[in-house]
Amino acid sequence: MNGIRLWHFAQASLGIVQWVGIAILLNPIIIERTSSGALLGQVMALIGGAGLLAPLIGGMADRYCCHRLLQRMALFIHFIALLILYFAETTAAIYWTVGILIGIGSVALLVLNPTFVIASSKNQNDEGRGLASLYQCQFFGVVVTGLLISIADFYNVPSDDQLLILMSLVIIVLCLVSVCPPPSIETDKSYFEGAEKKSANETTSQQGAAPWFLFLLAVFFSMFLSSNLMELGPLLIKEVYQVNIGNSALGMAISAIISIFMLESAGRWMQRSGPFKVWYAAQVVYLVVGTLFWLTAGNDVHAFVPIALLVLLMQAMSWNDMIIPSIAGRLSPNSPALTQGLLMLCMAGGFGVGAMLAGLSIDKFGYASVFTLSLIGIIIALLCIGLLTLSTEKNRRTISAS
């Protein structure tokens, strides 16, 4: 975890709340208290739907230069969501509120934290090192929280009281970020006033619109595979391969430890070769994992195979999530935080549409059909990446010729 800054631990709140909190505590608590699967689905939809606010959060941060304030507010919102959940009983509106708050807090952190790294980086080496350590902090949060929840489980601590562990960790993160805040970001006002900048760069920005659009499309469709296979992975493996694996906190912590080391290598690769090659590699792994799931679905394979594929997918997802903010910063004609907001919007859109199609597909064609849907999604994403590469090369030739 080279190049780490204390404010990078703001990303750990995503590991604490979004990864461990939702999977290990929120979902079982809702079922235990309300016995309502429908309510659980509604809360998940509200968490994902918060992604629609990402461009608004990013645009507001850039326009009013309030990036630091919004980051601390996001951490405080995570704490408030856990506090409300701790005292919640059976009223649906309370759980909807928890879902909305978790979603807004997570979206704000996903928009703002990469923006701080990219805006403060002097060169590609700084950017690669900063993004790697930022996402390592996220998985460090998963490791610490997962281990603490596992210990609490071992001593039969009730799930309600386990929420106190999460609240304590989020407060520690908030204190760290308050004492050691990220560097301030000065946004170029011409992004909003739009007067001076148009003359010399108008042609270049028009040429750059196509790669930016193709990149967002690729992110949207690749989410069909990554979100469906990770969120539904344990269920799919149980139903399709008859392999029973628990979504345990300890298992999540072990996978996160692997991700921390893998992110280090991805960061170094980015420093040497830029972000695009790392992203291409992650998409190829998506394709390989999706193809192998599709080919082996319904066949008699060793239990190790689907589990290993899920672990491999998690590593590719960590590379993908780390690298796409950097690519967005290179391709987007928009202001820094608005750029990350639009990226987050496409990720949330791909997550939501992919999950909806997966649900319809399961009802109509069975669980194995999710593998087909995921494979189609990554193939479309790779086609967009191919067009993006051609478009970028064409733009380079045009600029060098002029």
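Yeah, the Cβs are placed from backbone N, Cα and C, and that goes for glycine too.
A TrEMBL annotation is a machine prediction, not a hand-curated record.
Features reported for this protein in TrEMBL:
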- 12-31: transmembrane segment (TRANSMEM)
- 37-57: transmembrane segment (TRANSMEM)
- 69-88: transmembrane segment (TRANSMEM)
- 94-119: transmembrane segment (TRANSMEM)
- 131-151: transmembrane segment (TRANSMEM)
- 163-180: transmembrane segment (TRANSMEM)
- 208-225: transmembrane segment (TRANSMEM)
- 245-266: transmembrane segment (TRANSMEM)
- 278-297: transmembrane segment (TRANSMEM)
- 303-320: transmembrane segment (TRANSMEM)
- 341-362: transmembrane segment (TRANSMEM)
- 368-390: transmembrane segment (TRANSMEM)
Long-range neighbours of the transmembrane segment (368-390), counting only residues six or more past its ends (CB under 8 A): 211, 214-215, 217-225, 228-229, 232, 236, 240, 280, 283, 286-287, 290-291, 293-294, 297-298, 350, 354, 357-358, 361-362
Paired segments the transmembrane segment (208-225) and the transmembrane segment (341-362) in contact, 3+ CB pairs under 8 A: yes
Segment-segment contact (the transmembrane segment (37-57); the transmembrane segment (341-362)) at 3 or more Cβ pairs under 8 Å: yes
Contact between the transmembrane segment (131-151) and the transmembrane segment (12-31) (3 or more Cβ pairs under 8 Å, separation 6+): yes
Tertiary contacts of the transmembrane segment (69-88), as residues 6+ beyond its ends and Cβ separation under 8 Å: 10, 13, 16-17, 21, 26, 29, 33, 57, 60-61, 94-95, 97-98, 101-102, 104-106, 108-109, 112-113, 116, 160, 163-164, 166-167, 170-171, 173-174, 177-178, 182
Distal contacts, the transmembrane segment (278-297) - CB-CB under 8 A, six or more residues away: 218, 222, 225-226, 229, 240-241, 266, 269-270, 305-306, 309, 312-313, 315-317, 319-320, 322-324, 327, 368, 371-372, 374-375, 378-379, 381-382, 385
